[in-house]
Amino acid sequence: MKKNLKYNAIWLAIAVLGYVLIYALMMLGVIDQFGETTLVLIGINIILATSLNLVIGFSGQFSLGHAGFMALGAYSSALVTQVIPTAGGLLIGLLVGIIVSGLVALIVGIPTLRLNGDYLAIATMGVAEIIRIILNNLKITNGPAGLYNIPMLANWGTVYVLVVITTLIIVNFVHSRNGRAVMSVREDEIAAESIGINTTKYKIIAFVLGAAIASIGGALHANYIQTINPSDFGIMESINILIIVVLGGIGSITGTFVAAFVLGLLDMVLQNFGTLRMVLYSLALILIMVFKPSGLLGTWEFSVRRLFTHKKAKGDA
């Protein structure tokens, strides 16, 4: 317990230094408004992709429904902040989105997580599409026109803080007793059941936690972009999130960060190419996957714990 607190404190110190560095670069004009927007979108993608990596990479459940939970978070926060356009309203919106997404994930997870592989992917994709269709037909969500003039309550600082918080939650979960049980299910579900692990329970825990964190990404998206509609959360959005996970390395949180930055910066650089942008973007993705089929980092993970252990071992030698 004390070791976890120490490593969390180290990570928080690194995060504070990162915040100060980015703030200084903004004050010096090195990072302009366009660069700030890129950082915000990268941060939102990190939250979405790390939460999906928890489901796919650590629990071994192939989900294609992440955009649905993102949508629930986005609409929950948008509706709340239109009534309460303050920082407190954003906090309430985040909490409402987490609760709604968590409950929906729990309800749909109990029957669907008994499936595996392609069947689970199809089921979760269907759930996301049902969520999108419901949002498309509700009066409160303004149907297909969506919601607009949403208060801009999210900025790079808000996104940065929530990236740090959600990452710490996921990392600590993975290294906890529950996290180890989840990974044992991924490695060999039959073996896990044979030693008394309730595999369905732990798959649901990972699925619900991933959905709840995805809703945070959706809420930030709504309160930064300021307009949302159901078409924003279709199957292509789920695939975009999946691309980040696969590109970084399934089961690597560090890889997710790297992939989100690479794709975000690549998209920014290609803005000047107009209609060729998506062609070049797709070509770059293909080349990366050809030469790095297991992702940019594979399953490798940067670890402060390992770094300190290595230094201690060298000192003892």
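Residue 1 is the first one shown; counting continues down the chain.
For all residues, glycine too, the Cβ spot is worked out from N, Cα and C.
Same-chain neighbours of the transmembrane segment (9-31): 39, 156-157, 160, 164, 168, 171, 304, counting only residues six or more beyond its ends whose CB sits under 8 Å from a CB of the stretch. Taken from TrEMBL, the feature transmembrane segment covers 9-31 (among others).
According to TrEMBL, the feature transmembrane segment maps to 37-56 (among others). A Cβ distance under 8 Å defines the sequence-distant neighbours of the transmembrane segment (37-56), meaning residues of its chain 6+ beyond its ends; these are 22, 31, 62-63, 66, 70, 154-156, 159-160, 162-163, 166-167, 170, 173-174, 206-207, 209-214, 216-218, 220-221, 224, 241-242, 244-245, 248, 250-253, 256-257, 259-261, 263-265, 267-268.
Tertiary proximity for the transmembrane segment (63-84) is limited to same-chain residues at least six positions away from its ends with a CB under 8 Å from its CB atoms, namely 48, 51-52, 55-56, 90, 92-94, 96-98, 100-101, 104-105, 120-132, 135, 140-141, 147, 149-151, 153, 207, 210-212, 214-219, 221-223, 228, 230, 232-235, 237-239, 241-242. Residues annotated as transmembrane segment in TrEMBL: 63-84 (among others).
Here the transmembrane segment (90-110) has Cβ contacts under 8 Å with residues 68-69, 72-81, 84, 124, 127, 131, 153-154, 158, 200, 203-204, 207-208, 210-212, 214-216, 218-219, 223 of the same chain, all six or more residues outside its ends. Among the features that TrEMBL reports, transmembrane segment is placed at 90-110 (among others).
For 117-135 (among others), the entry in TrEMBL reads transmembrane segment.
The transmembrane segment annotation in TrEMBL covers 155-174 (among others).
Long-range neighbours of the transmembrane segment (204-221) within the same chain, counting only residues 6 or more positions beyond its ends whose Cβ lies under 8 Å from a Cβ of the stretch, are 40, 43-45, 47-48, 50-52, 54-55, 58-59, 61, 63, 66, 69-77, 90, 93-94, 97-98, 100-102, 104-106, 109-110, 113, 154, 158-159, 162, 166, 169-170, 173, 178, 182, 228, 233. Residues or ranges marked as transmembrane segment by TrEMBL: 204-221 (among others).
Annotated transmembrane segment per TrEMBL: 241-266 (among others), in sequence order.
For 278-300 (among others), the entry in TrEMBL reads transmembrane segment.
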